[in-house]
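Taken from Swiss-Prot as is:
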type: BINDING; residues: Gly11, Pro12, Val13, Gly14, Ala15, Gly16, Lys17, Thr18; note: GTP binding site
Amino acid sequence: MKRPLIIGVGGPVGAGKTMLIERLTRYLSTKGYSMAAITNDIYTKEDARILLNTSVLPADRIAGVETGGCPHTAIREDASMNFAAIEEMCDKHPDLQLLFLESGGDNLSATFSPDLVDFSIYIIDVAQGEKIPRKGGQGMIKSDLFIINKVDLAPYVGANVEVMKADTLKSRGNKDFFVTNLKTDEGLKSVADWIEKRLQLALLEE
């Protein structure tokens, strides 16, 4: 059995990780892909519960992992709990093509082990401050795709999205990034297309 394409989704608490997965699975479900999602929380399975209530994915395609302690460790140094959750999900669904793995909320420094995920997405929101892209952080710099979410809030928090874009280019060079408002699906298609391009290449290799 070939492993599905695994996309890691990281970012600070409240940036929109769970909503991104909910919106992406809803959009990509219209293309007929076989998908699943695994969420990480420190002491609860709250994000998994949210997906169960909002996602188009059936309940048996959503799993929650309680990492305990530091959420960074569960996606990098000791990812054994997530490897086990992925294996269990793949055993239940041998047809799985795409799996989203959501990290616990962090402080800009979390990165996924390359053994755990094929590609990583890091998402922030403008309410966390215009300076975030300027500050960098390993999660933002090393991710394959960077997303600036909740751009609709920029006028209310005094953030200049154009400045954030310019700072992102300085921090990430020519690596991909998008701006989104997931509440209205603004920018969602760009993110979905980015994923689908990589998924199609992976499927061709089967």
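Any Cβ shown, glycine's included, is placed from N, Cα and C.
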Completion exercise
CB contacts under 8 angstroms to Gly14 (GTP binding site), restricted to the same chain and 6+ apart in sequence, sorted by sequence, are Gly105, Asp125
Completion exercise
Counting every protein chain shown, other Cβ atoms within 10 Å of the Cβ of Gly11 (GTP binding site) number 27
Exercise for the section: For the recorded GTP site, whose residues are Gly11, Pro12, Val13, Gly14, Ala15, Gly16, Lys17, Thr18, find every other residue on that chain with a C-beta no more than 8 angstroms from the centre of their C-beta atoms, and list them by sequence position. Expected result: Gly105, Ile123, Ile124, Asp125, Asn149
Handout entry: Least buried by Cβ count (within 10 Å) of the binding-site residues Val13, Ala15
Key = Val13
Handout entry: Other CB atoms, at most 10 A from the CB of Gly16 (GTP binding site)
Key = 22
Practice task
Report, as a single number, how many Cβ atoms besides its own are within 10 Å of the Cβ of Lys17 (GTP binding site).
Solution key: 26
Problem - Distant-in-sequence Cβ neighbours of Thr18 (GTP binding site), under 8 Å, six or more positions away - result: Thr39, Asp47, Ile50, Leu51, Glu102
Handout entry: List of residues, in chain order, with Cβ under 8 A from that of Pro12 (GTP binding site) and at least 6 apart
Key = Gly105, Asp106, Asn107, Leu108, Ile124, Asp125, Gln128
